[in-house]
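Working notes, structure below.
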Amino acid sequence: MKLGLLCALLSLLAGHGWADTRAIGAEECRPNSQPWQAGLFHLTRLFCGATLISDRWLLTAAHCRKPYLWVRLGEHHLWKWEGPEQLFRVTDFFPHPGFNKDLSANDHNDDIMLIRLPRQARLSPAVQPLNLSQTCVSPGMQCLISGWGAVSSPKALFPVTLQCANISILENKLCHWAYPGHISDSMLCAGLWEGGRGSCQGDSGGPLVCNGTLAGVVSGGAEPCSRPRRPAVYTSVCHYLDWIQEIMEN
């Protein structure tokens, strides 16, 4: 298992158009301080993040879908078995119907997906769901991102421990300026406008946490990551609350 995880770090999937995003300018999270953080593995390869939103459901990006996935909860150090880890093989995926499955189209509209676990997660201090944000975030709000994505770009160096970074919600006009013609009302940009901090390859699908709730899902961004005036793009969760509730209830 440890050898497989080592291989995973060396063979993380590349992005399509917009790069799968990574955490630049991040520091190691305090172990299990983000108990909702999940890692998505295809075979032995860690390639996306996700967020536990109940004991049976995860929220992630639709472009993270694979024929089947392994989910790991309670994870911090990828090479060590530390006790609270839980492993699930998942096959029940619910991508938003508006998502364009042709990843070469560079269309990140409705880039959001629910994953149903085959059994209930065992909740503990290291495994806890995160509440969804019931309101849309405002520019200037301070938020937190986390993931095992690369900590350097364009030459990608991947961490073995979960990384965290504080970033800011940016004004919509800056998001449109950075990516003209690609930004819809259900997206938001976050990071530092001057660059140097934000998500990157391997962080896709992971959480943007604002005021202790899930406000965004990491969707995409520019390559190299965290360049000045090229912030990461997130799917704004507040626009999908009704859809999420409908899928989870039915």
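Even glycines carry a Cβ here, placed using N, Cα and C.
Candidates considered were CYS48, CYS225, CYS238. The record in Swiss-Prot pairs CYS136 in a disulfide bond with CYS238. Noted from Swiss-Prot: CYS200 is disulfide-bonded to CYS225, selected from CYS143, CYS164, CYS175, CYS225.
Noted from Swiss-Prot: CYS143 is disulfide-bonded to CYS210, selected from CYS64, CYS189, CYS210. Of the candidate active-site residues, HIS63, ASP111, SER204, the one lying closest to CYS238 (disulfide bond) when CA atoms are compared is ASP111. Here the disulfide-bonded residues are CYS48, CYS64, CYS143, CYS189, CYS200, and the one whose Cβ sees the fewest other Cβ atoms within 10 Å is CYS143. For the pair ASN131 (N-linked glycosylation site) and HIS63 (active site, charge relay system), the Cα-Cα distance reads 22 Å. With all protein chains in the displayed structure included, the most crowded Cβ environment within 10 Å among the recorded positions ASN131, ASN166, SER204, ASN211 is that of SER204.
Rounded to the nearest whole angstrom, the C-alpha distance between CYS175 (disulfide bond) and ASP111 (active site, charge relay system) is 16.
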